[in-house]
Each structure stands twice: as structure tokens, then as C-alpha cells.
Amino acid sequence: MAGSSVKPTPLLKDELDIVIPTIRNLDFLEMWRPFFEQYHLIIVQDGDPSKIIKVPDGFDYELYNRNDINRILGPKASCISFKDSACRCFGYMVSKKKYIYTIDDDCFVAKNPSGELINALEQHIKNLLSPSTPYFFNTLYDPYREGADFVRGYPFSFREGAPTAVSHGLWLNIPDYDAPTQLVKPRERNTRYVDAVLTVPKGTLFPMCGMNLGFNRELIGPAMYFGLMGDGQPIGRYDDMWAGWCMKVICDHMGWGVKTGLPYIWHSKASNPFVNLKKEYKGIYWQEDLIPFFQSAVLPKECVTVQQCYIELAKQVKEKLGKVDPYFIKLADAMVTWIEAWDELNSSGEKSSKSTSK
């Protein structure tokens with residue numbers, strides 16, 4: 001069996017980057033080795049840039065710290081958050097691949113109800129490579145999955161589906177709760193494995209979580225900005241949700257779909273609810289204005305690229321949410337800076353020379 005040691009080439013091996021934000025050694029990658037080893041990693045180091053982050057041997061990776069971000073973006077580095085996992089979106093910007101998978105360093109490999117290890121990345125890729133159904137809900141959920149189809153009464157004109165821009169995965173063990181819910185239910189664990197993938201309907205918003213997330217960077221990349229959070233900002237823990245609301249409005253406008261459900265990862269540790277409350281409390285209050293804003297946001301038909309959509313959305317954020325708090329004026333400016341930086345890094349085909357292979 002000489003060929004038995006040859007590893008099969010994984011899906012999209014040369015078309016996908018794995019982006020990981022971190023402040024610590026990446027020992028968690030050992031568990032993911034069978035699934036991640038053949039892919040390229042982009043590690044975005046948050047916090048003290050002088051700290052050495054250790055990466056297990058055998059992974060192909062680039063590592064960027066705050067000094068690298070400042071060097072590559074110059075003054076535009078102001079749009080990248082510091083001391084917050086929102087810094088991960090810098091990895092989206094410097095990637096040159098068609099697809100991105102991003103995962104947190106406290107997320108481990110989960111098991112399905114049969115006890116088999118779940119290859120989360122493979123499921124995200126399947127979600128992204130098959131169409132979505134944002135215009136008409138299918139009661140058997142994702143009709144493109146094996147063993148499913150469109151049910152009786154589903155219009156044939158909608159069965160071609162829409163391109164899938166985002167695949168939003170879920171978590172077993174520690175649920176992604178806000179601080180008040182954490183405080184009320186400190187011992188609650190998610191043990192429910194739901195074997196389903198759904199398309200989020202057009203016109204419906206959802207709270208996007210960035211800890212187990214795949215997306216088509218070529219389609220929606222410029223909209224995946226995780227905002228201004230953390231150090232020097234009045235808010236935290238809304239980075240992924242802000243990106244999700246902006247992304248969903250743009251996907252609805254562009255005719256693209258967003259899936260949620262499988263795959264699951266094992267979320268290993270709960271963050272401190274009191275620290276979280278301090279980060280979130282303005283967001284919990286502001287959310288009552290943010291959601292109606294995004295629900296009513298309309299992009300003009302002249303917006304035909306994601307960048308044009310995002311700049312228009314930034315203008316509306318400044319005009320309407322700027323009245324809620326001056327922070328949103330600052331955030332709207334950062335949204336424009338993000339697009340300028342994205343275009344600078346992605347128009348000339350230049351690639352950062354910062355690459356490490358071990």
C-alpha cells in the first residue's frame with residue numbers, strides 16, 4: 001500500500017486562505033491539522049507586536065502584527081481595530097485567494113451525533129460552491145444538499161438559485177450569547193446538533209458571528225469590514241455583527257445569498273460576561289436604532305459593485321446614525337478608508353512579501 005500515505009488534495013486548496021486573529025500561541029491548530037495542514041494560513045496578531053506567537057510546525061502561513069499593518073497600510077491603518085478580534089479583516093484585505101475561512105483560536109473540532117469529527121472547512125466549501133435560495137424558502141432547507149431537493153410548490157423559475165456569498169457556521173458547547181444572557185445563564189451549553197443549512201431570506205437580517213465563517217472574497221470581500229472596535233473605541237464585540245448587517249444589505253441588493261447552519265465547531269471557552277458587558281452595553285442600546293436603519297437601507301441601482309454599495313452605505317451611516325452618536329461619523333469615515341485601502345492593495349496585483357513557510 002505504497003500510495004496509502006499520500007494525502008488527498010483538499011477542496012479549493014489553492015483558492016482559499018484561513019484567517020486567524022490571535023494574541024497567543026496557536027496550539028489549537030494541532031487538532032485542526034488533518035483539515036488545515038494543506039491550506040495557507042494568514043495569522044493576524046493582535047496586541048503587543050513584540051510578543052512572539054508560536055505556530056506548530058508543518059503549517060504554511062503568513063503572520064502580520066500591528067507593525068506590519070502600519071507598514072503596509074500607512075495612515076490608512078487607522079481603519080484596522082487594535083486589541084479586538086476585528087483586526088482579522090486585515091487578513092481578508094491582504095489575501096489574494098477567492099475564498100476565506102476565518103476561525104477563532106478557542107474553537108476546536110466538533111463531533112457529529114455519530115461521534116465522527118466534523119471537517120468544518122469542507123462543509124463551508126460545499127455551502128459556498130452550491131447556490132442559495134434567498135427569494136423563496138424551501139421547507140427541506142438547502143435543496144442542493146445530498147438527499148434533499150425542492151419541495152412541491154417551489155417555483156421552477158427560482159430553482160437555479162443565487163450565488164452564495166457567505167457561509168455562516170455554528171458552535172457546540174459555549175453558545176455565542178451577549179453579556180446579559182451569559183449572566184442569566186452562566187452554565188448553559190449548546191448540545192443541540194441540527195443537521196440543516198438554511199438560506200437567510202432576502203430582506204432578513206441576522207447576527208453574524210465571525211468565529212466560524214466562510215465567504216467568497218471575490219464576490220463580497222470589500223463588504224466584510226469588521227468596523228472600529230476595541231482600543232480607543234466606545235464599543236466592542238459588535239465587529240462581526242456590523243459586518244454581517246452591511247454585508248446582508250449589499251448581498252440583497254446584488255442578488256447573492258447567505259447560508260447559515262452547518263458546520264459546527266466546538267467553542268471551548270466562555271469569555272468573561274462582566275468584561276463583555278462593558279464592551280457591549282452601548283451596542284445593546286444603539287442596536288435599537290441600528291437594526292431599523294439596516295432594515296430600511298436602500299441602495300440605488302447605480303451601485304453595481306460592492307465598493308460602490310459600501311461607500312453609499314457609509315454615506316447613509318454618517319447621515320442617519322451620526323445623529324445617534326458621533327462614533328458613527330468616525331465609523332463611516334473608517335468604512336471609506338477601508339475601501340480605499342482594499343482597492344490600493346487589490347488593484348495593482350501587488351502582494352506583501354511577508355510570507356513564512358514551515
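Quick reminder: no glycine exception, Cβ is built from N, Cα and C everywhere.
Sequence-distant contacts of Arg152 (N-linked glycosylation site), defined as residues of its own chain at least six apart whose C-beta falls under 8 angstroms from its C-beta, are absent. Per TrEMBL, the feature N-linked glycosylation site maps to Arg152.
What TrEMBL lists as site 'Required for activity' is Arg152 (among others).
Under 8 Å, Cβ to Cβ, and six or more positions away along its own chain, Arg159 (site 'Required for activity') finds Pro143, Phe150. Annotation source TrEMBL lists site 'Required for activity' at Arg159 (among others).
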